[in-house]
Amino acid sequence: MLDLTELENSLGVKFEQPSLLEQALIHTSWVNENPNHSSGSNERMEFLGDAVLGVIFADRLYHDFPDIQEGDLTRFRSLLVRRESLVRVALGINLGKYLYLGRGEDVSKGRFKPANLAGAFEAVLAAIYIDKGMDVTREVIFRLFKTEMERVQTLSSNIDYKSRLQELIQAQLQLTPRYRITNFSGPEHNRLFIAEVYAEDRVFAEGSGRSKKEAETNAAKVALQQFENSFTDEDNI
């Protein structure tokens with residue numbers, strides 16, 4: 001058995017059942033060359049880890065972004081759980097060093113193959129989940145995925161509210177929304193603009209921002225929320 005103390009330190013987890021972590025590192029190629037090994041490969045744990053990772057991020061996104069719609073939430077989750085993200089995290093904790101690989105797989109640089117790294121990392125998450133439970137697994141994931149989560153935060157602030165509002169108003173009212181700056185204040189280097197979104201003689205909402213574009217975007221966001229809330233209220237009648 002490999003000494004996995006360094007890996008445990010990287011994960012921030014001391015296993016009650018170290019055999020679970022070892023199991024998570026066993027590739028099918030190693031099992032093929034060691035048929036007497038009783039516990040098999042890490043594939044079943046990979047399945048569980050994938051599910052745990054998905055539900056933890058789904059829960060986080062749902063609570064962090066209450067104003068973002070299902071389609072965007074799905075896109076954000078996909079960014080977080082995609083193979084590239086898993087590989088980056090796996091490389092960051094030097095996971096490939098600990099993999100149990102068959103000789104041929106090892107010679108063919110299997111310790112650096114994205115599929116091997118991503119699968120083993122998901123299996124490691126399953127091992128943590130089984131050994132420590134959901135809360136500890138959540139803490140590990142949020143710490144290791146900090147960079148990916150910061151990227152999602154940035155993306156969430158750049159959602160095209162104006163396009164979504166236009167689609168909604170055109171579909172519901174057969175009107176095209178327009179924007180105008182109605183006021184501004186402050187010195188030239190630090191202006192605060194007020195914009196409103198309207199169609200014909202109807203004003204839907206207003207928003208503010210440090211640029212005209214930001215003010216228009218915020219006006220669209222407010223209007224979109226109002227429209228969506230009104231549709232929800234109608235559905236509940």
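Using the three backbone atoms N, Cα and C, a Cβ is placed for every residue, glycine included.
What Swiss-Prot annotates here:
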DOMAIN    4-133  domain 'RNase III'
BINDING   E46, E122  Mg(2+) binding site
ACT_SITE  D50  active site
ACT_SITE  E122  active site
DOMAIN    160-229  domain 'DRBM'
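Structure coloured by features recorded in Swiss-Prot.
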| residue | record | Cβ within 10 Å |
| --- | --- | --- |
| E46 | Mg(2+) binding site | 20 |
| D50 | active site | 19 |
| E122 | Mg(2+) binding site | 26 |
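Taking CA atoms as the reference points, E122 (Mg(2+) binding site) and D50 (active site) are 6 Å apart. Secondary structure of the domain 'DRBM' (160-229) per DSSP (helix as H, G, I; strand as E, B; remaining residues coil): 34 helix, 24 strand, 12 coil. Secondary structure at D50 (active site), taken from DSSP and collapsed to helix, strand or coil, is helix. According to DSSP, the domain 'RNase III' (4-133) comprises 95 helix, 2 strand, 33 coil.
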